[in-house]
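Note sheet for the following structure.
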């Protein structure tokens, strides 16, 4: 079975959707190549699965350089930054996913590195220790985050580009599904089936590719009716999944607002997953309301549960 990496486009010409962003990126990349410099440090923020890692890879490929990938929670101390910088060559890309999770000491180390391309290190111990400034190759830091508000302001100010990746249009998702099916599977899918998958993907390419792979699995095993397939894998109207239904049921059982901590305890999920993976779509489509007192299901959310006989 294909992995998510195999679905990722490698160059701008292959990237579907986000036309304005692609147009601007093409201009910035062309200018950078003419100036023979490194691409400006870039911050990508938005929901998970909207193409942040893909764009980082594309920028590196378009520049003809290597892309070194790491996670923010792995960068806690200055030595973590030093070790990462020891791997790069001139104009390489460093991609830090969930960059908001870096430790404070790592953030502070990055500030001078991003501006001056040098790093201060301590050589020796105790009273014999001396600070030495080392130059590092010019490079591009690309940070990705689902929580822009947790990025320290001094770090955010050092990014030359800040791009927001919102949900994709349904037509863009349909085009992604069509292309990936043609390239990787060649399974018979009509327009109606592609539209159903696209409408269930919540505007997220990663989710669209996951649904496509599950549909392919069932089609190969003789299941032709896509609605039956969705029933089997528990995909409901609007693309809601089992964890969405469980979340809505928790709110349905409450007369008043309920707090995030209580929801997490009932569902046995971490608060971060709820805030970043479940709630945004439910809020956007008016299934729930969120305020300072907590979360409450809306009339639309109640109607959805009742119409689909999903009340637990």
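Note: Cβ is positioned from N, Cα and C throughout, glycine not excepted.
Annotation source Swiss-Prot lists ATP binding site at 8, 49, 52, 53, 54, 115, 116, 117, 158, 168, 206. Residues within less than 8 Å, Cβ to Cβ, of residue 8 (ATP binding site) and separated from it by at least 6 positions along the same chain comprise 53, 54, 57. The DSSP secondary structure for residue 8 (ATP binding site) is coil.
Annotation comment: Swiss-Prot describes 53 as Mg(2+) binding site, evidence class sequence analysis.
Counting every protein chain shown, the number of other Cβ atoms lying within 10 Å of the Cβ of residue 295 (DNA binding site) is 22. As annotated by Swiss-Prot, DNA binding site applies to 290, 295, with the evidence given as sequence analysis.
Annotation source Swiss-Prot lists region 'Large ATPase domain (RuvB-L)' at 1-168.
Counted with DSSP, the region 'Small ATPAse domain (RuvB-S)' (169-234) comes out as 48 helix, 0 strand, 18 coil. Annotation comment: Swiss-Prot describes 169-234 as region 'Small ATPAse domain (RuvB-S)', evidence class sequence analysis.
On the 0 to 100 pLDDT scale, the region 'Head domain (RuvB-H)' (237-312) averages 95 in this prediction. The region 'Head domain (RuvB-H)' annotation in Swiss-Prot covers 237-312 and rests on sequence analysis.
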Inter-residue Cα distance where the pair is residue 295 (DNA binding site) and residue 116 (ATP binding site), in Å: 46
Farthest-apart CA atoms of 8, 49, 52, 53, 54, 115, 116, 117, 158, 168, 206, residues recorded for ATP, distance in Å: 37
Least Cβ-crowded entry, counting other Cβ within 10 Å, from the binding-site residues listed as 52, 206: 206
Alpha-carbon distance [residue 290 (DNA binding site); residue 206 (ATP binding site)] in Å: 26
